[in-house]
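Engineer: Dropping the structure in here first, questions after.
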Amino acid sequence: MTLFDLVPTLGRSHPVALEPGLWPRSARMTDTADLVVGGVSLIALARTRGTPLHVLDLGEVDRRVGLLRAALPEAEIAYACKALLCRGLVRRLDALGCALDVCSGGEAAVAEAAGFPAERMIMHGTAKTTADVGRPVGRIVLDRPDEPLPPARAQRVLLRIAPEVDARTHPKITTGTGAQQFGVPLAEAEDAVGALLARPGAHLVGLHCHLGSQVFAVDAYEEAARRMVRLLGRVRERYGLTLGELDLGGGLGVPYLPGDADFDLAGYARRVLVALAYESGKAGLPRPRLTVEPGRWVVGPAGVALYRVAAVKGRFVVVDGGMSDNPRPALYGARYHARLVGRRSTAVLVAHTVVGRHCEAADVLADVPLPADLRPGDLLAVPVTGAYQLSMASNYNAVGRPPLVAVHDGTHRLLLRRERAADLLRRDVG
Ligand SMILES: *Cc1c(COP(=O)(O)O)cnc(C)c1O
């Protein structure tokens, strides 16, 4: 077997069409090799805004929230803003009627600054401080019954349970198995509910679970839904209390590479809704109100990043960004797709490794076939960059974090500007 058999695109020239399933629905390649997203030329944007550049297609965000709504018409959709957070995005999600998951007082502060109603915020976290919970939010998801609560307020809370369902995702982003630090183990759940009911200031309204991230196993969600409704039944038996809310968390996966499977949204919705109806019927409970908390699924595929090639060293392509604007490869061994844009090449495709600018061997973005005539100054476009990149970005090597530009209907707007040395110096007060 040769490398050409393993990677069928090798040896051919650069395809004109965009790889299906990876780019925003609005994306297209023009005859002049421009990449147009949301009706905006990304080549022109890269020229005016510089690189690395992160682009967010707001129309794609709308479309994806619409797909979730259609699949789960009665569910509350709480966008998990740790995936990507800025005021422009928050305002959009507010207009779409989403709720918002925040994981810290800082995230709540950004959402509040965008005018997002506190009532529709849900606060998470494994180590919330009194400062975190001091910000008004509609609901707090307690990781354990004795977590801090806001003073002198009847705060609506949910209790996070580890349903002990293995979502079969990457071990570093699995959270629902009970062998981990998140939530109350299923076996201790009823006692924990009792402890919480005895706490003044806590108004328990429901239960929560979250299986992990980048999950494709829709049967795991079904099993979690079953276990959680059965637990609601046991809570009612023991305490005579009917909890009205069930939050099944997020974690819906997205494809990153050509040929990756897509998340079975219809199958997920069907299995979860059937499980809720069946189990609540069996337990004689009213069907709980469902909340889902997708982050990655909403914004990941709405993002495209542009990098400029700094050097080509044999099979290595060095670009002007890397782990400071995308730590996922270094954290999880994640790999991305990339394609040449802005210039037509008829050269054959050869295997390349796209590496970042940082002094770390783990700073690898992509293992991908690229034209043999790739040269410094070329632009590479990377799809599915909307989630867990800018929100996890760092100032490593004192490289300023890149800007985020929203595109939609032929217009573009800067959401986050590029970080400058002056920004870094502002907090260096010594
Ligand atoms: C991270 C997280 C989410 C969102 O996860 P995605 O994989 O981005 O959908 C939702 N709920 C909780 C509690 C989380 O920790």
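Cβ coordinates come from backbone N, Cα and C, glycine included.
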Engineer: For the substrate site, TrEMBL lists R296, R328, Y332, E360; sort out which one of Y256, Y268, Y278, Y388 goes with them.
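Structural biologist: Same substrate site in TrEMBL: Y388.
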Engineer: Of G251, G259, G333, G430, which one shares the pyridoxal 5'-phosphate site with E293, P294, G295, R296, Y388 in TrEMBL?
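Structural biologist: Answer, per TrEMBL (pyridoxal 5'-phosphate site with E293, P294, G295, R296, Y388), from G251, G259, G333, G430: G251.
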Engineer: Out of K82, R296, R328, which has the highest number of nearby Cβ atoms, where nearby means within 10 Å of its Cβ, if these are the recorded positions?
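Structural biologist: Of the recorded positions K82, R296, R328, the most buried by Cβ count within 10 Å is R296.
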Engineer: Tell me, which recorded positions from G251, E293, G295, C359, Y388 are within 10 Å of R328 (substrate binding site) if we use the C-alpha atoms?
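Structural biologist: Near R328 (substrate binding site), where near means Cα within 10 Å, the recorded positions are Y388.
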Engineer: Output: those recorded positions from E293, Y332, C359, E360 whose CB lies less than 6 Å from an atom of ligand 1, in sequence order; none if no residue fits.
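Structural biologist: Passing the 6 Å Cβ check against ligand 1: E293.
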Engineer: Between E293 (pyridoxal 5'-phosphate binding site) and Y332 (substrate binding site), what is the CA-CA distance rounded to a whole number of Å?
Structural biologist: 22
Engineer: Among the recorded positions G251, E293, G295, C359, point out the residue whose Cβ has the most other Cβ atoms within 10 Å, with all shown protein chains included in the count.
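Structural biologist: The residue with the most neighbouring Cβ atoms within 10 Å is G251.
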Engineer: Going by Cα-Cα distance, pick out whichever of the recorded positions K82, Y332, C359, E360 is nearest to Y388 (pyridoxal 5'-phosphate binding site).
Structural biologist: K82
